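Asks: Heads up, here are the entries from Swiss-Prot:
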DOMAIN    20-106  domain '2Fe-2S ferredoxin-type'
BINDING   CYS58, CYS63, CYS66, CYS88  [2Fe-2S] cluster 1 binding site
BINDING   CYS128, CYS131, CYS164, CYS166  [2Fe-2S] cluster 2 binding site
DOMAIN    265-450  domain 'FAD-binding PCMH-type'
BINDING   293-300, PHE373, 383-387, ASP396, LEU440, LYS458  FAD binding site
BINDING   GLN804, PHE835, ARG949, ALA1116  Mo-molybdopterin binding site
BINDING   GLU839, ARG917, PHE951, THR1047  substrate binding site
ACT_SITE  GLU1305  active site, proton acceptor
Amino acid sequence: MGSLTRAEEEETAAAEEWSGEAVVYVNGVRRVLPDGLAHLTLLQYLRDIGLPGTKLGCGEGGCGACTVMVSCYDQTTKKTQHFAINACLAPLYSVEGMHIITVEGIGNRQRGLHPIQERLAMAHGSQCGFCTPGFVMSMYALLRSSEQPPTEEQIEDSLAGNLCRCTGYRPIIDAFRVFSKRDDLLYNNSSLKNADGRPICPSTGKPCSCGDQKDINGSESSLLTPTKSYSPCSYNEIDGNAYSEKELIFPPELQLRKVTSLKLNGFNGIRWYRPLKLKQVLHLKACYPNAKLIIGNSEVGVETKFKNAQYKVLISVTHVPELHTLKVKEDGIHIGSSVRLAQLQNFLRKVILERDSHEISSCEAILRQLKWFAGTQIRNVASVGGNICTASPISDLNPLWMATGATFEIIDVNNNIRTIPAKDFFLGYRKVDLKPDEILLSVILPWTRPFEFVKEFKQAHRREDDIALVNAGMRVYIRKVEGDWIISDVSIIYGGVAAVSHRASKTETFLTGKKWDYGLLDKTFDLLKEDVVLAENAPGGMVEFRSSLTLSFFFKFFLHVTHEMNIKGFWKDGLHATNLSAIQSFTRPVGVGTQCYELVRQGTAVGQPVVHTSAMLQVTGEAEYTDDTPTPPNTLHAALVLSTKAHARILSIDASLAKSSPGFAGLFLSKDVPGANHTGPVIHDEEVFASDVVTCVGQIVGLVVADTRDNAKAAANKVNIEYSELPAILSIEEAVKAGSFHPNSKRCLVKGNVEQCFLSGACDRIIEGKVQVGGQEHFYMEPQSTLVWPVDSGNEIHMISSTQAPQKHQKYVANVLGLPQSRVVCKTKRIGGGFGGKETRSAIFAAAASVAAYCLRQPVKLVLDRDIDMMTTGQRHSFLGKYKVGFTDDGKILALDLDVYNNGGHSHDLSLPVLERAMFHSDNVYDIPNVRVNGQVCFTNFPSNTAFRGFGGPQAMLIAENWIQHMATELKRSPEEIKELNFQSEGSVLHYGQLLQNCTIHSVWDELKVSCNFMEARKAVIDFNNNNRWRKRGIAMVPTKFGISFTTKFMNQAGALVQVYTDGTVLVTHGGVEMGQGLHTKVAQVAASSFNIPLSSIFISETSTDKVPNATPTAASASSDLYGAAVLDACQQIMARMEPVASRGNHKSFAELVLACYLERIDLSAHGFYITPDVGFDWVSGKGTPFYYFTYGAAFAEVEIDTLTGDFHTRTVDIVMDLGCSINPAIDIGQIEGGFIQGLGWAALEELKWGDDNHKWIRPGHLFTCGPGSYKIPSVNDIPLNFKVSLLKGVLNPKVIHSSKAVGEPPFFLGSAVLFAIKDAISAARAEEGHFDWFPLDSPATPERIRMACVDSITKKFASVYYRPKLSV
């Protein structure tokens, strides 16, 4: 690393005047950024100054929770620009001279909600609320940057960089849709006067009367003439009157202020430069050859955070005009290296409209590719040059620069400019032909010629905001020679198949000079197979799939060019109509959502679709989560020291470097635990700190505390552990083979006699098969977090935690510290999603933090980074099912013999209860006379897998639906026929002895068949498939039956505390946790209905172990049943006490009645309690009633797949569910939609990749998919185009409070309808090749599995017809 000598420093100071003054406006308030903060991100700064509405969800720009709007003034165009960015990646000093607007700045409950905030809240667009501020700000930035109301497509596109795990996106899209349907003026002016003409204060951005203003240089400056008047949006569906604030204008100071060159510093010797001229950049590069040039920091930010890269000198080139050129010239478009990708998009759109059509083929290809490049926030800051010089092998643009014949202009520190073809620029893995004293100056993109065609290709796990698995840029120039069209020039460049963007040189040579016709294809395919060779263990895996994509892309390119020639009249042999589907990219129309339910109650809070009680807090960023809690004085921050081996003996732990690290306050290991080091929710088989042997990667070995979070993480990384490795079990198959099972985890359920049935001859057919079900990451938006502090010098321990089970935190901490539970208090206000991932796994982090807090007598906060969270906390259990099914030729099921195994990981946790529920649900909704289900929990060297929405039920039902499909294939009948023929009915006896009561599956199924018009849908799909060779559609109907109750009897209990105050308001406390599912809202509705008072009179503050003791975790979908009933019990007690007073007087209000009762000394507080009756199961006898009742549902799905790439779209989803008489139909429908989309992710998108025998390119036991960059949950672009949800009408559930039913988990499995619709489409593709037999499709049905199952001449070059892509299970 170079460094400036004193002489060079003096020379630099003399040459240019560098300033150390950095000014930024935040929500209209002027702030001076002190020197020394170059290491901070904008997000850290915003939260440090008391603006916690902007959230840290991932830290890599992948989730959008940190979205803010940045406004800057362009001195060239004299216009203010507004755009959304990821604050988690933006260096603090990168926004110097800009105006930052956060969610707090646009509206709150005191000033009034902004129309965007209000609309989102009222449309039920917020559940857990952690992602909500990010969505608000993405929409706000779109409106502020729009000259006219945006289209619905633009709205959806603007949300591509925002993730939500709760809602399923439909209500968010519906909330924002209104902003595209009105022509009101949309906040796009930068006037210095407000609507009533009053001046705007430069320091606050709000109306004032401070008179004339002065600019930053002290000279008199009159206010600019306003070009437009402006006022907040006012739409029919929004109460605009509630919003009294005007939009924050761009601060005049920043508009008038002279921009200066900046030189600032940061922690650990970091230097930050912001030059204003190219010569300054070159001078700095001469002094610091290894300095990093940055624009958006989207790559460097990830490297420093997750790869521990250290760059001492950072040069921000955002203000260098020479690097920002965008010019149209005779030889093409000249693009400065610092041009942002969003700028390039807008420029290309304009160029395409203005230039001749034959010139713009390259422009169109790049523009189309940019649509799928990252999310909006990244494109707003990432630069052309940054993407080029990073030289990523999966860059979406580099193959196109190479294919289009682009050239790069490079300048050195002596102002010498050289030009190099893009195809020669990339030398190796992240290596380019750029010397340390050179920088990329610009890109020259040439115009295309007549009959020159350029096309882009990309296939990723997920379309939006995802890196490519394989991408390509292809170009061909053909000329007519003696009546034939001859290839004059061709470029074929692939990404994702080598260490650099890879040129298919043999293929290019062969094609040059050849006649353009179908005869090219076979030889071209053979040469491409030689040109692109992936080793068996190539990084990224999926070798067969990625190889097939190289041929598929060229085939698509050939057909594209041929079709273009044909429609222009230059090609006589046109494409057959069925082949056109290969070149037709799916154009996604705007989605539509429909919700159908009836309101059966009037005049009471129960049954009304009221908005989530925290919605207004969430949309304004005022809702407080654990990491938002103001920290007590002297709070220390913690970071974990984790195992890096799957199974190893610890030989030594060296903390010497950590102890000398800045801010270090302590390292805590197993020897420091005051109480018991072993813990667990059922069996205490897990150590808080590993003492001798580690049994998985990510196991906690120690905990470091320091004065800041960054210092704690830095110190933790310096702890060196020496290991002696031991053999590891890394899959279910390995565990079964080795007999590696958790103790006492074998279970068996028997009904009838399976063996006798198989041997009796009653079964006309017997099938056998194996189903692999992949795991799933919870991906709750709020990471695991806890704040622990001692009270009375450790006599008590209090904590605030993000958990579904405060009582478990209380127990764990008391056990670890050796304290009685009565001295440990855990409080939870709300959590940003849980889904089971915070039921047990969160407690061990609180326990670890409590050791440090107890020993040091100081508060300790622990917040996990997303990658640490994912690699340590466990996921949904992967399953292996082996089935044998006997049935008649008529399709009647006679016998099921099933062995199921789940991957428990390295400790017991909840794996046995998960297995048990899976076994209970192994029949789904089918009546089977003879059943034998054996199950066992596998011990593997992975983090302990844990509870996840459905708790094993979905995995077992997926196995059941697979053997149903297998039966249908054998019988050559539709799966829907077989399902309907075998439905359970009222009075059916299940395979664990429970009598089925109130069975509504027939009603649900029948209503769905009518709603989706199934027979017509089938005819339409057949017709489409007959006319399209390379795109296929498929449909499926899937039923579900989900048992409600904890299968462990004692957990079916609940407590609540209800306190009525003399003003008639009510404080309710219960043992359940609000995590977005609307539990507090429903409970409040129950209380309001009980007292017959407005819902606004009920308040629920938090969940606390010192208010309601021994609370059952918020899980099993039973919380509304349990805590609603407990609250009802408490309310009824109070009402019974009040009744004598009420009967004696005519009280005008509830408040008057309460006051009268108080004056008569009547107790206005009550503890309510409820137990679920008539449940329990005996595993010795194998009989019992594990469930109080069942929730039924069914879903129809229609999909369309691209058989050449594996890409798919969900066209239609129709859901019918029996929820009895809903307490809140809006919240319940939100749960159905969110659950379905989460289930869709599990079934078709989300794949965990572990270092196992199937993925040898990953280090053994390590999780590769440990962040949003590599693990893809559904995005806005993945939701169904037509999404309909209906609640079954006219049904009651007399067993439960207000005849309602549980909803959290039951809809999840319905997402598998998409998987089976995909399989239906694949079957149509296989039939084209003459393959009609059964084939397995493991979950998730990713593009890899879809493509490789659609066997054709291309896939057969790389794999057999029965190839089964590898899966971590």
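Using the three backbone atoms N, Cα and C, a Cβ is placed for every residue, glycine included.
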Asks: Quick one: which of these binding-site residues, CYS58, CYS66, CYS88, CYS164, CYS166, LEU440, have their CA within 10 A of the residue listed as 'active site, proton acceptor'?
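Replies: None, since no candidate lies within 10 Å.
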Asks: If you measure GLY386 (FAD binding site) to CYS88 ([2Fe-2S] cluster 1 binding site) at Cα, how many Å is it?
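Replies: So the alpha carbons of GLY386 (FAD binding site) and CYS88 ([2Fe-2S] cluster 1 binding site) sit roughly 18 Å from each other.
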Asks: Which of these binding-site residues has the least crowded Cβ, counting other Cβ atoms within 10 Å: SER383, GLN804, THR1047?
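Replies: It is THR1047 that, of the binding-site residues SER383, GLN804, THR1047, has the fewest other Cβ atoms within 10 Å.
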Asks: Taking just the CA atoms, what is the gap between PHE835 (Mo-molybdopterin binding site) and CYS58 ([2Fe-2S] cluster 1 binding site) in Å?
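Replies: That separation, Cα to Cα, works out to 18 Å.
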Asks: So if I measure Cβ to Cβ from CYS88 ([2Fe-2S] cluster 1 binding site) and keep only same-chain residues at least 6 apart in sequence, which ones fall under 8 Å?
Replies: THR41, LEU42, LEU43, LEU56, GLY57, CYS58, GLY59, GLU60, GLY61, CYS66, GLY301
Asks: Can you tell me the three-state DSSP label for ARG917 (substrate binding site)?
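Replies: The residue in question, ARG917 (substrate binding site), is helix (DSSP, three-state).
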Asks: Tally of helix, strand and coil residues over the domain '2Fe-2S ferredoxin-type' (20-106) according to DSSP?
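Replies: Computed counts for the domain '2Fe-2S ferredoxin-type' (20-106) are 15 helix, 31 strand, 41 coil.
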Asks: Have a look at the binding-site residues CYS164, GLN804, GLU839, ARG949, PHE951 and say which one has the shortest Cα distance to LEU293 (FAD binding site).
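Replies: Looking at Cα distances from LEU293 (FAD binding site), the smallest one goes to CYS164.
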Asks: Across the whole of the domain 'FAD-binding PCMH-type' (265-450), what does the mean pLDDT come to? Round it, please.
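Replies: Averaging the confidence scores along the domain 'FAD-binding PCMH-type' (265-450) gives 96.
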Asks: Please list, in sequence order, the residues in the chain of CYS164 ([2Fe-2S] cluster 2 binding site) that are at least six apart in sequence and whose C-beta is under 8 Å away from its C-beta.
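Replies: Same-chain residues close to CYS164 ([2Fe-2S] cluster 2 binding site) (Cβ under 8 Å, separated by 6 or more) are CYS131, PHE135, ILE172, MET781.
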Asks: When the Cα-Cα distance from CYS128 ([2Fe-2S] cluster 2 binding site) is computed for each of the binding-site residues ARG949, THR1047, ALA1116, which gives the smallest value?
Replies: ARG949
Asks: Checking the contact step here: among the binding-site residues CYS63, GLU299, GLU839, which have a Cα within 10 Å of the Cα of GLN804 (Mo-molybdopterin binding site)?
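Replies: Those near GLN804 (Mo-molybdopterin binding site) - Cα within 10 Å - are GLU839, in sequence order.
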Asks: At a 10 Å cut-off from the C-beta of PHE951 (substrate binding site), count the other C-beta atoms across all protein chains.
Replies: 30
Asks: What does DSSP call GLY386 (FAD binding site) in the simple three-state scheme?
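Replies: In the DSSP reduction, GLY386 (FAD binding site) maps to helix.
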Asks: Just how many other Cβ atoms lie inside 10 Å of the Cβ on GLU1305 (active site, proton acceptor)?
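Replies: If we count other Cβ atoms within 10 Å of GLU1305 (active site, proton acceptor), we arrive at 28.
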Asks: Going by C-alpha distance, which of the binding-site residues CYS166, GLY296, SER383 is nearest to THR1047 (substrate binding site)?
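Replies: Answer for the nearest of the binding-site residues: CYS166.
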